[in-house]
Amino acid sequence: MLKRVNRVALIGTGFVGSSYAFALLNQGITEELVLIDLNKEKAEGDAMDLNHGLPFAPSRTKIWYGSNTDCGNADLVVITAGANQKPGETRLDLVEKNTRIFKGIVEEIMASGFDGIFLVATNPVDILTYAVWKFSGLPKERVIGSGTILDTARFRFLLGEYFDVDTRNVHAYIIGEHGDTELPVWSRADIAGLSISEWTKNKDGFNQEDLNQLFLNVRDAAYHIIERKGATFYGIAMGLVRLTKAILQNENSVLTVSAYLEGEYGQKDIYIGVPAVVNRNGIRKIVELDLNDDEREKFTNSVNVLKNTMEPVFKNI
Ligand code: NAD
């Protein structure tokens, strides 16, 4: 009898998509990977190239290039297709362009009989995740955005560097829009169980100004990288692989994703970055952090900025 295998369909094999495919193959997380792109030759070339690396991979992955109709049997569809951020352009500038592209993609995927989980990374990711949820008609739990997974990783990395502690022992979240209004949850950040203020108490060399600057470097990291190399892709690709593993291996891991709020954090009808428990069914539960007044105000502002941007777009589509 044939064993049921995990199939991931990747829509968009540009910088982010092909880096994701490469990282996925190297971590041996799925049995099947289908690569789909408007530019079929790019998808085909990537499939050939990745297949040639299989003898060096930790496990066997069947990789081929295909079309949206191959998504019917997929467990997970990862979307990294669309226009990317140009120098000086904000993520929100991309909204209308990519929402229209997404309508076409999602309608074709749903017509193929897809009934799995969507994972969205294209920017502006919170709004496009909302768009996928609307266009697909799938339950909110099964439509997930990469949200602030990368921003949280950048935050943990920089805090680890600053305090000279392994980043894996730093627990701290960036929440809100994946973009200019995101915020750090300082009140809940800890290193090995000690809050940041406990960690810095009676120690020289640490100060609040450094920490404020550290957050600005997190928030503006994409701009800094784009200025230097035109695009960001390795970090988000690894974040997407982390999410893929949490889903396919039913991990119940807490990751900061763009999730649909229905009253959590006092907000409704919005996809935005918050910590959530992720497993084989998608988002099992949103983790509601007890924010202080300043954090709550900033989070509300982030929600409002997203809602104001989305309103005209969804009226016109
Ligand atoms: P890219 O231009 O290199 O790749 C985009 C790919 O999408 C191209 O290969 C293009 O042919 C394809 N495409 C366009 N329309 C398509 C369609 N209808 N169907 C199938 N494929 C289609 O861009 P990139 O650098 O890979 O970035 C992709 C997206 O990821 C951008 O929106 C970017 O802003 C976003 N991004 C998100 C994060 C995050 O943290 N969420 C981080 C980095 C980049």
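In case you wondered, yes, glycine gets a Cβ from its N, Cα and C as well.
The signal peptide annotation in TrEMBL covers 1-23.
Confidence in the domain 'Lactate/malate dehydrogenase N-terminal' (7-145), given as mean pLDDT, stands at 94. Annotation source TrEMBL lists domain 'Lactate/malate dehydrogenase N-terminal' at 7-145.
Counting every protein chain shown, the Cβ of GLY82 (NAD(+) binding site) has 23 other Cβ atoms within 10 Å. Look at GLY82 (NAD(+) binding site): DSSP puts it in coil. What TrEMBL lists as NAD(+) binding site is 12-17, ASP37, LYS42, 82-83, ASN98, 121-123, SER146.
The substrate binding site annotation in TrEMBL covers GLN85, ARG91, ASN123, PRO124, VAL125, ASP126, ASP151, THR152, ALA153, ARG154, THR232. When Cβ atoms from all protein chains are considered, those within 10 Å of ASP151 (substrate binding site) total 29, not counting its own.
According to TrEMBL, the domain 'Lactate/malate dehydrogenase C-terminal' annotation covers 148-315.
Sequence-distant contacts of HIS171 (beta-D-fructose 1,6-bisphosphate binding site), defined by Cβ-Cβ distance under 8 angstroms and a gap of at least six in the same chain, are ARG156, ALA189, ASP190, ILE191. Annotation source TrEMBL lists beta-D-fructose 1,6-bisphosphate binding site at ARG156, HIS171.
Sequence annotations record features per position, and here TrEMBL assigns active site, proton acceptor to HIS178.
Cβ neighbours within 10 Å of TYR223 (phosphotyrosine), excluding its own Cβ and spanning all shown chains: 16. In the three-state DSSP scheme, TYR223 (phosphotyrosine) is classed as helix. The feature phosphotyrosine is assigned by TrEMBL to TYR223.
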Fewest other Cβ within 10 angstroms of its own Cβ, chosen from the binding-site residues ASN98, THR122, ASN123, SER146, THR232: THR232
Rounded distance in angstrom between the Cα atoms of ASP37 (NAD(+) binding site) and HIS178 (active site, proton acceptor): 24
Residues of the parent chain within Cβ reach of the signal peptide (1-23), under 8 Å, 6 or more residues beyond its termini: 29-37, 39, 42-43, 46, 50, 63, 66, 68, 70-71, 73-82, 84, 105, 109, 121-122, 231, 233-234, 236-238, 240-241, 244, 248
Count of other CB atoms lying within 10 Å of the CB belonging to VAL125 (substrate binding site): 29
Secondary-structure category, per DSSP, in which ASP151 (substrate binding site) falls: helix
